[in-house]
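Feature list (source: TrEMBL):
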- 43-65: transmembrane segment (TRANSMEM)
- 74-95: transmembrane segment (TRANSMEM)
- 101-121: transmembrane segment (TRANSMEM)
- 132-153: region 'Disordered' (REGION)
- 141-153: compositional bias 'Basic and acidic residues' (COMPBIAS)
Amino acid sequence: MKIGFRIFLILTLVFSFVIGMPKPAVEVETGLAINFTNGAADALSSVLIFLMLVSHVLMLFLLFIRQSIHYRYFLIYFPIVFWLFYLANTLGAHLAEPDMFLSHIPYLLCYVLCVIQYYSILKADPAFALGPPTEPEPEETVPRQRFDTNEPM
């Protein structure tokens, strides 16, 4: 069950790079990042580009931050926020080529399966949300006092 969750999470991340085929998201993000740095874009589109890039980086961190108590919220919000900002930045291209919307299906399907798998794991093993168990700190040991006074009973 946990392996299935990891597989769907990795597939979601892989499909996040190929959204919008035939022009993959990596190419779109690179082009938008260049427009973001040259100052030709207006303030709103610059903010949308920046938020899309940040949300994609945060989504990549989902592989490594499972020890966080808030992981279940990150798992829900980061991919959705990335997808919405990606659509906001590429809506014109998607409306010009409606076939590009079909490339969103594998991403959304893997994302939904990943979330469903995660919550089914939580029902079976609630400790999974807390990450790997930490080792308890060793207690300071006090030397035992000697109570034997060598007196007969």
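Glycine is no exception: its Cβ is also placed from the backbone N, Cα and C atoms.
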Item to check | Intrachain residues whose Cβ lies under 8 Å of the transmembrane segment (101-121), provided they are six or more past its termini | outcome: 1-2, 4-5, 8-9, 11-12, 15-16, 18-21, 72, 75-76, 79-80, 83, 94, 128
Next on the checklist: Under 8 Å between C-beta atoms and at least six residues away from its ends: which parts of the chain pack against the transmembrane segment (74-95)?
Outcome noted: 12, 16, 19-20, 23, 25, 28, 32, 45, 48-49, 51-52, 55-56, 58-59, 61-62, 65, 68, 101, 104, 107-108, 111, 114-115, 118
